[in-house]
Amino acid sequence: MRRPFIAGNWKLHKTSAEAAALVGELKGALSDVVDRDIVVAPVFTSLAAVIATLEKSDISVAAQNCYPENQGAFTGEVSPALLKDAGCRYVIVGHSERRQLFAESDAFINRKVKAVIDAGLSAILCIGETLEEREADKTFDVLERQVRCGLEGLDAAAMEQIVVAYEPVWAIGTGKTATDSQAQQAHSFIRSLVNDIFGSKVAQQVRIVYGGSVKPGNVDGLLQQPDIDGALVGGASLNAEDFIRIVKFKAV
């Protein structure tokens with residue numbers, strides 16, 4: 001049985017004080033939730049405040065990005081080693097906004113994945129198709145390319161440090177959500193790819209989560225699907241009440 005994984009990606013929101021207040025509320029409300037992994041991903045400038053507030057809590061912290069070198073003349077960048085030193089456990093890699101706004105390639109994303117794993121952190125590898133790609137029936141082609149490129153060079157042991165997040169680009173920040181069956185179909189395909197690359201044991205162990213306008217009103221249906229192991233939550237994670245409800249999803 002795969003342990004559910006719920007992560008909140010705050011993107012470019014929340015001052016340090018606001019971030020600390022939010023996780024303080026989450027820490028109290030979710031202290032009794034012990035059967036799933038809970039993660040928050042604040043902006044870099046709020047990491048210290050969030051990590052300090054979450055001391056003695058089971059809620060983990062992720063960074064939203066990294067650079068795939070540990071040190072050097074890379075002005076403005078942050079390495080996985082420094083993120084680990086700060087107290088992070090996860091790094092989001094390959095988010096569609098990084099791919100689209102900053103032209104990050106599959107090969108560059110693969111470098112990040114390897115760097116995160118080498119630093120002893122876990123990577124949340126984001127993949128997903130655009131609306132144009134879905135309408136052109138290229139969804140599976142895109143997912144296969146992103147999975148194979150993103151995981152290239154990894155072995156079965158490294159896959160223990162990977163969470164795959166399927167985020168259909170057309171459903172991010174648009175209010176649109178993939179139907180339960182659309183999401184399950186994509187997740188099942190992704191798991192079949194992992195099976196093809198690493199074998200059935202890894203495929204059955206790897207967690208594949210859904211991201212794309214996850215809200216309290218749709219999380220229960222999504223998390224009832226057999227291959228959906230959690231959620232990467234965007235806007236709804238900025239509201240304590242909404243995120244708490246999502247973490248406490250009622251899948252049956």
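Each residue's number is its place along the chain shown, starting with 1.
Using N, Cα and C of the backbone, Cβ positions are placed for all residues, glycine too.
Sequence-distant neighbours of Gly173 (substrate binding site): residues of the same chain at least 6 apart with a C-beta under 8 Å from its C-beta are Ser213, Gly234, Gly235. When secondary structure is read from DSSP and collapsed to three states, Gly173 (substrate binding site) falls in the coil class. Positions annotated as substrate binding site by Swiss-Prot, on the basis of sequence analysis: Asn9, Trp10, Lys11, Gly173, Ser213, Gly234, Gly235.
Taking Cβ-Cβ distances under 8 Å and a sequence separation of 6 or more, the neighbours of His95 (active site, electrophile) in its chain are Asn9, Gln64, Asn65, Cys126, Glu167. The active site, electrophile annotation in Swiss-Prot covers His95.
Taken residue by residue with DSSP, Glu167 (active site, proton acceptor) is part of neither helix nor strand, so it is coil. Residues annotated as active site, proton acceptor in Swiss-Prot: Glu167.
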Asn9, Trp10, Lys11, Gly173, Ser213, Gly234, Gly235 excluded, remaining Cβ within 8 Å of their centroid (substrate): Ile172, Val233, Ala236, Ser237, Leu238
Those residues of the chain, 6+ apart, with a Cβ under 8 Å from that of Lys11 (substrate binding site): Val43, Gln64, Glu97, Gly234
Three-state secondary structure, Trp10 (substrate binding site) (per DSSP): coil
Cβ neighbours of Gly234 (substrate binding site) where a neighbour is any other Cβ within 10 Å: 23
Largest separation between Cα atoms (Å) of residues that the record links to substrate, namely Asn9, Trp10, Lys11, Gly173, Ser213, Gly234, Gly235: 14
